[in-house]
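Following this message is one structure expressed as structure tokens.
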Amino acid sequence: MKFLHTVAQTATLLLSLGASVEGFNRARNDACKPHHPFRPLPASTPRTKTCHVRSHGDGTDDAAFVLSALRKCNNGGKVVFDADKEYTIGTALDMTFLRHVDLEILGRIQFTNDTDYWQAHAFRHGFQNATTFFQLGGTDVNVYGSGTLDGNGQVWYDLYAAEPLTLRPILLGVIGLHGGTIGPLKLRYSPQWYQLVANSTDVLFDGIDISGYSSSKNTAKNTDGWDTYRSSNIVIQNSVVNNGDDCVSFKPNSTDILVQNMHCNGSHGISVGSLGQYKGEIDIVKNILVYNISMYNASDMARIKVWPGVDSALSEDLQGGGGSGAVSNITYDRMYIENVDWAIEVTQCYGQKNQTLCNQYPSNLTISDVHIKNMWGTTSGKRDPNVGTIVCSSPDVCSDIYVTNVNVTSPSGTDDYICTNVDESLLDVNCSSG
């Protein structure tokens, strides 16, 4: 029954995504509903010329055709990937020169499975081993259509299982984009994160359909839907995410971000972090609104994850701890969950299994002014009798964390929370000793 309910909800939202392709709205601010961005998004200017991207049609690299069309129709044009064509990309594309241009994707764009080439030539971004097939950036750039970006992920899922230091490319890299709309669009089989939004401002993601699982015993790992990094005034809305990691993750120096009207399935929740990974770095995440979310078959719903003040290792390719910074003005509002392990998880011991070490070396990063409200549903029972955990490494680094009107129970009917080093008078939940 849970599965049927999930499928029905997803199908309804997908129908609305498909219907919106024809009605692309250049007034980005008007497209944001019910909440508006923290700052107005600039409108997109009209396009007056059209270029169609050629395709070899036989699996030969079409990257040169893409660049040729972009240069021809840059500054006021539309570049079309035709519906009856398949495009193969085997070369890393730097598309950060774009100005006032649309990319209408009607066909299928697939990246080659040449793992040696991509590990050597994909663009590196200096955070958590992040690399991208391409860099999309510039000013007033829109990417939309009924077509698909395909990351050819299976070869990467199998390779990563054998060699965990493999550098797996991110499917969609929005790097240095100032003013833009991404979506409607389908994203499939990303080798790692589906989207990285870095060094960008004033971007709307609207109507993104994400899905892609492994067909072998090697699962598709680290397939976050979105990761925002050093970016501000971003809107993510009206999207369906079927993946195996964070639905949305706010990485360091993400500010003024709105996430609304999302259906997430199989994920690790909508997460602040991880933060505090790198010594000497100051990570700030502030002014985040997460609204109207359905979360199914996930590890978490509302999640804040911070590294402790001691060296820690989550995995062979993800280690850190000891960084500093602050999390503030975070709101999660109106959430429904079903078969989710933790309704709420706040931790400052991310990547460290030894809680004693976390207590001895508390996080250098503060958490304050957090509001989690209006959540209902049922957990998976995996943490029974607990349904949530709100644990800070020291009372000195957490303040003003509020939880109100949260009606979540386990399948057995319990509703306990582990609460440590937080002001329990602000938590309208049943705090237990854990």
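The backbone N, Cα and C atoms fix where each Cβ goes, and this holds for glycine too.
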With reference to Swiss-Prot, specify which of the listed residues Cys392, Cys419 is paired with Cys398 by a disulfide.
Cys392
Rounded to the nearest angstrom, how far is the Cα of Cys264 (disulfide bond) from the Cα of Asn113 (N-linked glycosylation site)?
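Their Cα atoms are separated by 28 Å.
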Could you check whether the repeat 'PbH1 3' (327-348) packs against the repeat 'PbH1 1' (231-252) - three or more CB pairs closer than 8 Å, residues at least 6 apart in sequence?
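Contact absent: fewer than 3 Cβ pairs fall under 8 Å.
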Neighbour count first, Cβ atoms within 10 Å, every protein chain included; then name which of Cys247, Cys264, Cys392, Cys398 tops the list of disulfide-bonded residues.
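Its Cβ has the most other Cβ atoms within 10 Å: Cys247.
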Please give me the CB contact count at 10 A for Asn354 (N-linked glycosylation site), counting all chains in the structure.
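Here the count is 12.
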Minimum Cβ neighbour count within 10 Å among the glycosylation sites Asn113, Asn129, Asn297, Asn407: which residue?
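If we count Cβ atoms within 10 Å for the glycosylation sites Asn113, Asn129, Asn297, Asn407, the smallest count is at Asn407.
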Select the closest residue to Cys392 (disulfide bond) from the following recorded positions, measuring between CA atoms: Asp245, Cys264, Asn265.
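For Cys392 (disulfide bond), the closest Cα among Asp245, Cys264, Asn265 is found at Asp245.
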